[in-house]
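A short worksheet on the structure shown next.
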Amino acid sequence: KLPPELNLQELEDHRDRLKKQQAAVSKKVADLILEKQPAYVKELERVTSLQTNLQLAAVICTNARRQLSVSKEGFTEASLGLLANQRRRQLLTGLLKSLRTIKTLQRTDVRLSEMLEEEDYPGAIQLCLECQKAASTFKHYSCISELNSKLQDTLEQIEEQLDVALSKTCKHFDVSHYTKVQLAYTLLGKTQTAMDQLHMHFTQAIHNTVFQVVLGYVELCAGNADTKFQKMQRPAVINPQPRTSSIQVSIHLTLVCRSQPPHITQDSYIPCLSDLCKALWEVMLSYHCTMQWHEEQDNREGPSPTQDGGGASAGPDQSVVDRSYVRKKLEHGLTRIWQDVQLKVKAYILGTDMSHFKYDDFIVVLDIISRLMQVGEEFCGSRSEALQESIKRQSVNYFRNYHRARLEELRMFLENETWELCPVKSNFSIAQLHEFRFMVQCRSPSLSPSRQAGSGADLSLFQQFLLEGNPFEMHIDNKEEETEDVLASNGYESDELEKSVFQDYDSDSDVPEELKQDYVDEQTGDVPLKSVSRETMRSHKKSDYSLNRCNAPILTNTTLNVIRLLGKYMQMMNILKPIAFDVIHCVSQLFDYYLYAVYTFFGRNDMPAPSPSLLSQSGRETGGARVVGPACLYESSGLGLISSRLRTTLNRIQENLIDMEAAGESVGAHGSVEDRKEKVPSPHLSQMVVLTNSGTLYGLAQRVVATESL
């Protein structure tokens, strides 16, 4: 604060002014101190008192801390330490239990493997689900995450083995095994999925069965030869698409059966078909048993799925939905399974030309297919249109060729027939012939188990063969028995009787008196000058042997042959209803041809002198009897010895059945070449039969035998 220019006087004046101010302030302070002196004394006393109280409080706190320290050492630390140790013990006990559980979970895979080997699928799934539940409880442990993943893989492995176990029921149904499998799927909550898988396995089982059977016979027929068939099939067997696989199976079967040379020979065809039907029967029987099992479960109305399973949360309502789904799925699967079976068998049937099969072999094929259609009807109520259509095609083709061959065979029999009496048993009946044995079986179900289903009170095929056996095995056994019975029931009753028959031919004791007398000519009424010779009489005795023994029917070898053919045709009609009309038409042709032959051989002797269209007697003996014209043979006789009905019948037979072109007439007169294929040439009388010898009464014995046999 000094001025820019220092002046002593001003500085001293300023100093004096400051001293005065200080003196005034000091006086004022002294006055204030004196004024506040009592209050100061009083407050000092309070401070002194407060200091005394604080010292006392310090002593009290010191004593309290000392006492608290004694309490801590004597009570708190000991008691609370016990409690803390107890809590720690409990925590460690829980940890030990958890560790033991984890250890058990780690060892679960061994037990699961044992249960799977024992096929205890429900127990394995139950254990696996419990382990997963436990693993989720201990998921805060780091080791559990790996274990949980392992359990999930194990569960998937169990489902795979369960699927394999489910597929085994398609060929061999076992109640306990299937019950375990279904319970396991219930625990998994996959009842509907199991039913879908089951149908896929049944479809696959049909495909694999067909391949195994057919491939086995292909390899058997081929021997060591390399076949492309085996390489061709394999992809189809493992094809996961059933419908595509079904088409491929049918195509491959057709290729196998129609190949040249055939992979399956004619000798192996029927055994292969039989084994094929047996194997397919096992599959259908398993499906039938599966449906029965589910029907019994529905009737019991058992409890809903266990609450431990994956689908347990749905409750009883979900169980009802599952049962309804399973029932509808099974009912729908019946038709699908049978359709697959039909397609396989149809492909096998149509793949082979059966026109050259033996009759008995073809009847066996028809019987097997008929039995299979019966199985299909009982299985799902199907009429088996596919099988009927295929077997009808084969039957029409076979029967056309067969009937043509039989007509030619009959013509050969007629042209070589001597019209001698064929000795038969005294109690001869067509039922004794092998060809008519099927009629006895139809009337007596006990002889043919396959027909028992036809009677009302008897069991169906599925009920008969539920536990054991096979309807197609019964078929083979019956055929063998029938063959033995036929061999024992034809011909003579014994060797001694056969010998006695020809011994009796040397005696006149059995000759009727009428044959010993002179005979009268039918047309002129004249009596010949001499009687029949001993040789002629012996011939008549031999021809009339059966007539003299209990009035047995008068038959010839050709008659028996025709009767056997009728039996075969009837058997075919019985087995194969769709072509029954065609067969009965052919039956009438057999009789018509026999009738035509008998009349041609013996009935035309009633005619007047030969006309341009008629041949001489010698011409007929050499086969010229085939040259016959209906206009002059049957309509211009004018003698009235045959009725108009017979004349019309003979004309119809000649027009529809007799091949006149073979006798030299034009084709246009009797139809086209196609029509001629359905006709047969007219037979001619054997040269061994002489109808012009008066010594044999102009063949009276042969005429009688022929007429009576007709």
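Every residue, even glycine, has its Cβ placed from backbone N, Cα and C.
Note that the structure is predicted; figures quoted are calculated from it, not measured.
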As TrEMBL has it, coiled coil corresponds, among 141-168, 393-420, 449-476, to residues 141-168
DSSP-assigned states of the domain 'Vacuolar protein sorting-associated protein 54 N-terminal' (263-293) in counts, ordered helix, strand, coil
28 helix, 0 strand, 3 coil
Where else in the chain does the coiled coil (141-168) make close Cβ contacts, counting only residues six or more beyond its ends and a cut-off under 8 Å?
98, 102, 105-106, 108-109, 112, 116, 119, 121, 124-125, 128-129, 131-132, 135, 177, 180-181, 184-185, 188, 194, 197-198, 201, 204-205
